[in-house]
Amino acid sequence: MSFGVQVELVHSAPTAEQLSALRELASAAQRSDLAPPFGDQTWVELTRQEPDTVAVAYAWVQEENEAAGTQAGPGAGSVAGHEEPEQGEAQADSPNPGTLAGAGVVVLGHADEAGEAAEPNLLELVVHPDLRERGIGSQLAAVLNDSVLSPQPGTAHRAWAHGGHPGAPRLADRFEWAPVRELWQMRLENDVPLPGTELPAGIRLGSFRPGQDEQAWLEVNAAAFADHPEQGRLTLEDLQARMAEDWFSAEGFLMAWDTAAAGEELLGFHWTKTHRQDDGPDIGEVYVVGVAPSAQGRRLGRALTTAGIEHLRAEGVAAVILYVDAENTAATRLYQGLGFTVAHTDIQYAPIVETRLS
C-alpha cells in the first residue's frame with residue numbers, strides 16, 4: 001500500500017490523543033537516535049494547556065488518495081511517502097493511516113513577568129525513524145517556516161537539533177539557518193573512580209522538601225543562572241511541572257545549606273535525574289548543578305557534583321550523563337577532570353538573516 005502524509009498546523013496545546021501520539025513518536029526516535037527529540041521545557045509547554053504557548057505541525061499518515069490535493073491549514077499540504085529507498089536503506093512496511101509520522105513543535109517566546117524581551121520562538125522537529133528520507137522533515141519545516149517561523153520584527157527564532165542527527169544540517173541549509181550554539185552531552189561510565197565528596201565547612205547536605213524549599217531554590221537558581229538563556233528564567237509553575245513528572249525524585253534533589261546562617265541559607269543544589277529504560281539499564285543524569293554567587297569559589301560545585309553522582313550510582317544506574325554548553329570552559333574542565341567525555345552534540349540553529357544582524 002502506498003501512502004501519503006498530511007501536515008496539519010495547530011496553534012494550540014495538543015489534545016490528549018495528540019499528546020499520546022507525540023510521546024510515542026518521541027520514544028521511537030529516542031530509541032533509534034539515543035537522544036530525546038524534545039527538551040523538558042517543551043514537554044512542560046505541551047502539557048500546560050494554556051493558550052498561545054505552542055504551535056505544532058503534525059504529519060499524519062493517510063492513504064495517498066486521501067492526502068493528495070488536500071489542505072489542513074495555512075501552508076499545510078501533503079507529501080507522498082512511497083519514494084524508492086536510498087541505496088542500502090531498508091524499505092519500511094507501509095504505516096497505518098492515522099500514524100504520526102513526524103512533528104515540529106514551536107514553543108512560542110513571550111516577555112517574562114518583569115516585561116523583559118521575549119525569548120525566541122524555539123523549534124524542535126522529529127520524524128519517525130522508519131519514515132525518514134521521504135521529505136517529511138522538509139514538509140514540516142516548510143509549513144512552519146511560512147507561518148510561525150516567518151521573519152517578524154522584534155521576534156527571534158531558534159531550533160534545536162538533538163544528538164547531531166545528519167539530516168539537521170541539510171535541513172538547515174535548505175531553509176538558510178546556521179549554527180549558533182553547541183551543547184555537549186557528556187558521559188561518565190561507572191568504572192571511572194570518583195574523588196571523595198568534601199563539603200566546605202559549615203555546609204549541610206539534604207534532600208529537597210516539597211512544599212518547603214521551592215522559594216529558596218527559585219532564588220538560588222535565578223541567581224546562579226542569571227545569564228543562562230533558559231534555566232535562569234524557570235518559574236514556580238515550571239518547577240511544579242517538573243515535580244509532577246514520573247522521573248522526579250525529591251531524594252535525588254540535593255540541597256546544600258549554610259548552617260552558620262540564621263535559619264540556614266541555601267547555597268547550592270544538585271538536581272539529579274534517572275532515565276528509566278524498558279530495554280536496558282537505567283541512565284543517571286546530572287540534571288542541574290547551581291551555586292549561589294555568594295558561595296562561588298568554595299569548591300561547592302565540585303562537591304555537589306560528586307555527591308549527586310554517588311547518589312545516582314547507589315541507585316544502580318549504568319552511567320551518568322550531563323549537558324553543558326561547549327563554550328562554558330570552566331564547567332567542561334570540571335567535568336572532564338571527573339572523567340566525563342563527550343558522547344554527542346546538540347546544535348542550535350538560527351535564521352541566517354538573524355545572525356547577520358546580531
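The backbone N, Cα and C atoms fix where each Cβ goes, glycine too.
Keep in mind it's a predicted model, so treat the numbers as computed, not measured.
These features come from TrEMBL:
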type    : residues                                                               : note
BINDING : Leu125, Val126, Val127                                                 : acetyl-CoA 1 binding site
BINDING : Val289, Gly290, Val291, Asn328, Thr329, Ala330, Ala331, Thr332, Arg333 : acetyl-CoA 2 binding site
DOMAIN  : 203-358                                                                : domain 'N-acetyltransferase'
REGION  : 67-102                                                                 : region 'Disordered'
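Features as recorded by TrEMBL, highlighted on the structure.
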{"residue": "Leu125", "record": "acetyl-CoA 1 binding site", "Cβ contacts under 8 Å, 6 or more apart": "Pro37, Gly102, Ala103, Gly104, Val105, Gly137, Leu140, Ala141, Leu144, Ala159, Leu171"}
{"residue": "Val126", "record": "acetyl-CoA 1 binding site", "Cβ contacts under 8 Å, 6 or more apart": "Leu25, Ala26, Ala29, Pro37, Phe38, Gly102, Ala103, Gly104"}
{"residue": "Val127", "record": "acetyl-CoA 1 binding site", "Cβ contacts under 8 Å, 6 or more apart": "Ala29, Ala59, Ala101, Gly102, Ile136, Gly137, Leu140, Gly167"}
{"residue": "Val289", "record": "acetyl-CoA 2 binding site", "Cβ contacts under 8 Å, 6 or more apart": "Gly268, Phe269, His270, Trp271, Gly301, Leu304, Thr305, Gly308"}
{"residue": "Val291", "record": "acetyl-CoA 2 binding site", "Cβ contacts under 8 Å, 6 or more apart": "Val220, Ala224, Leu267, Gly268, Leu300, Gly301, Leu304"}
{"residue": "Thr329", "record": "acetyl-CoA 2 binding site", "Cβ contacts under 8 Å, 6 or more apart": "none"}
{"residue": "Ala331", "record": "acetyl-CoA 2 binding site", "Cβ contacts under 8 Å, 6 or more apart": "Val324, Asp325"}
{"residue": "Arg333", "record": "acetyl-CoA 2 binding site", "Cβ contacts under 8 Å, 6 or more apart": "none"}
Cβ within 8 Å of the mean position of the Cβ atoms of Leu125, Val126, Val127: remaining residues of the chain near acetyl-CoA 1: Ala29, Pro37, Gly102, Ala103, Gly104, Glu124, Ile136, Gly137, Leu140
DSSP three-state assignment for Arg333 (acetyl-CoA 2 binding site): helix
